[in-house]
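Enquirer: What Swiss-Prot lists as active site is R21, N39, and the listing cites sequence analysis. The domain 'Acylphosphatase-like' annotation in Swiss-Prot covers 6-91.
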Amino acid sequence: MTKELCMRCYISGRVQGVWFRASAKNLAEQLMISGWARNLADGRVEVFACGKEDKLEEFYTWLQKGPLNARVDVCTRENLPWEDYISFDVL
């Protein structure tokens, strides 16, 4: 059985104004991942995601590339203990 965990990621590059958060939400819902994504004042996007480990790996791989019009320069990740979220929200 795949364990459940959470991760916090910070994504920098051209990641605001390119539908990054909305695209992340769509994929997260497909992968049954909960959490949230928000823009930061410094131009980065912060993502907090919880789900099965294999699904989080797939999601993280996508975060490193982003949607079509994005350019990801750096994507950092911190694994965190499981938290029970119901949905994935764009903040």
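Note that Cβ sites are derived from N, Cα and C of the backbone, with glycine treated the same way.
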Enquirer: In this structure, which of the active-site residues R21, N39 has the fewest other Cβ atoms within 10 Å of its Cβ?
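Expert: So among R21, N39, the active-site residues given, the one with the fewest Cβ atoms within 10 Å is N39.
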Enquirer: Measuring Cα to Cα, how many Å separate R21 (active site) from N39 (active site)?
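Expert: Spelling it out, the Cα of R21 (active site) and the Cα of N39 (active site) are 8 Å apart.
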Enquirer: Could you check what DSSP calls R21 (active site) once collapsed to helix, strand or coil?
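Expert: Helix, per DSSP.
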Enquirer: Please spell out the DSSP helix, strand and coil residue counts for the domain 'Acylphosphatase-like' (6-91).
Expert: 22 helix, 36 strand, 28 coil
